[in-house]
Amino acid sequence: MQELPDGIPTSRLEISAKAYRQNIRYIRSEIGPKPTISAVVKGNAYGHGIAQMVEIAERAGIRHFSTFSSDEAWLVRRHSTRKSEIMILGMLYDSELPDLIQAGIGFYVFDFDRLQKAIDVSRDLGIAAKIHVELETGFHRTGFDWEDRAQLASLLQEAKDHVILEGLCTHYAGAESVSNYVRVKNQIAVYYDFKNFLSENNLFFNRYHTACSAATLIFPETIMDMVRIGIAGYGFWPTKETFFAKLKDLPKANKNPLKRLITWKSQVMSVKKVEMGEFVGYGNSFMALKNMLLAIVPVGYGHGYSRLLSNSGLVLIGGKHCQVVGTVTMNAIAVDVSHLKDVQIVDEVVMIGKQKGKEITVASFSESTQQVNYELLTRLPRDIPRRIID
Ligand SMILES: *Cc1c(COP(=O)(O)O)cnc(C)c1O
């Protein structure tokens with residue numbers, strides 16, 4: 001399923017299918033029965049692995065996937081067993097258009113260049129491209145501007161026989177914060193102006209879709225026909241603020257309905273005594289202030305364990321929190337295990353996840369490294385094995 005090197009890697013990831021089912025159940029309860037959920041699997045499925053996430057999501061009933069680029073789209077196609085729909089939000093090369101169109105893979109069209117090429121290729125092939133017309137409403141990255149509307153409408157009119165108007169979409173800038181309410185409201189208004197203009201020109205789309213996780217959860221008017229769910233599907237709140245905004249609506253018994261899927265584990269490689277006054281690791285960033293016992297864990301920045309966690313990261317060993325001492329090196333960290341009774345080589349080490357009732361969350365990492373959840377997850381290297389658990 002996943003191409004792995006020979007031999008046993010230094011750490012492993014477990015991805016919980018049960019947690020995903022719970023997250024989808026919660027999102028479904030928020031959006032009602034009708035809207036389609038598109039599982040956003042860009043960035044190697046936010047680090048969870050595209051192959052694993054396609055399997056887990058299809059088992060949970062998902063039949064629509066969003067990727068950033070065409071290479072990810074083909075990976076989804078390879079691992080999909082339920083003929084799920086695929087939509088590319090970002091990058092593709094012109095040379096790939098014929099194959100993508102033939103495969104029925106939909107894609108965003110955000111400028112006249114791509115629109116014209118999609119029309120030309122569709123006409124040449126005699127196969128209609130599934131296009132999602134992206135509107136600029138305030139994110140200022142990609143999308144047709146309001147000033148483009150007349151030209152856009154006339155081109156789409158001409159192209160109607162050659163392409164399928166699969167979606168009309170936009171992306172919000174700042175839906176993760178209630179304080180951006182005015183900005184998001186403006187974006188919604190611009191979107192509806194566009195939609196009305198196109199409708200008046202007899203241009204109707206199969207699906208109107210605008211919402212990412214944050215918009216879905218805190219701006220329900222953005223839900224429409226489909227929601228594009230990334231981070232919430234993986235069990236994380238887009239921001240603390242989105243969680244607090246929802247908290248009051250949540251049932252008491254289930255204060256956090258989003259469950260983390262990912263667990264990241266390694267094991268103790270070696271155990272070492274350090275005398276008071278000795279420096280640990282490269283340089284002099286850490287000096288032992290007492291006699292210490294250290295465990296060396298074979299995970300470093302080359303494995304996605306950020307260097308910014310030097311002298312601050314925490315892991316779990318024997319159900320206890322243990323702090324990283326010294327700098328994170330390419331392939332290893334040293335952690336203080338002086339407070340543990342008995343540490344053995346190959347004892348389990350948890351970098352993210354639970355152990356004997358204690359937990360290291362991704363959020364606790366992110367605070368100490370200034371990385372958001374998204375970044376830490378997507379930086380987990382592809383060659384760490386990812387195993388689906390229930
Ligand atoms: C990444 C992305 C999403 C998903 O965002 P989350 O905040 O992870 O839910 C939705 N739409 C577009 C266009 C995106 O690029």
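Note: Cβ is positioned from N, Cα and C throughout, glycine not excepted.
All annotation found in TrEMBL is predicted automatically rather than curated by experts.
Quick look at what TrEMBL annotates:
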- Lys42: active site, proton acceptor (ACT_SITE)
- Lys42: N6-(pyridoxal phosphate)lysine (MOD_RES)
- Arg141, Met330: substrate binding site (BINDING)
- 261-389: domain 'Alanine racemase C-terminal' (DOMAIN)
- Tyr282: active site, proton acceptor (ACT_SITE)
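TrEMBL feature annotations superimposed on the structure.
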residue: Lys42; record: active site, proton acceptor; Cβ within 10 Å: 19
residue: Arg141; record: substrate binding site; Cβ within 10 Å: 10
residue: Tyr282; record: active site, proton acceptor; Cβ within 10 Å: 11
residue: Met330; record: substrate binding site; Cβ within 10 Å: 10
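Averaged across the domain 'Alanine racemase C-terminal' (261-389), pLDDT in this predicted model comes to 90.
Among the recorded positions listed (Arg141, Tyr282, Met330), Arg141 has its Cα nearest to the Cα of Lys42 (active site, proton acceptor). Rounded to a whole value, the Cα-Cα separation of Met330 (substrate binding site) and Tyr282 (active site, proton acceptor) is 11 Å. With respect to their backbone Cα atoms, Arg141 (substrate binding site) and Tyr282 (active site, proton acceptor) stand 42 Å from each other.
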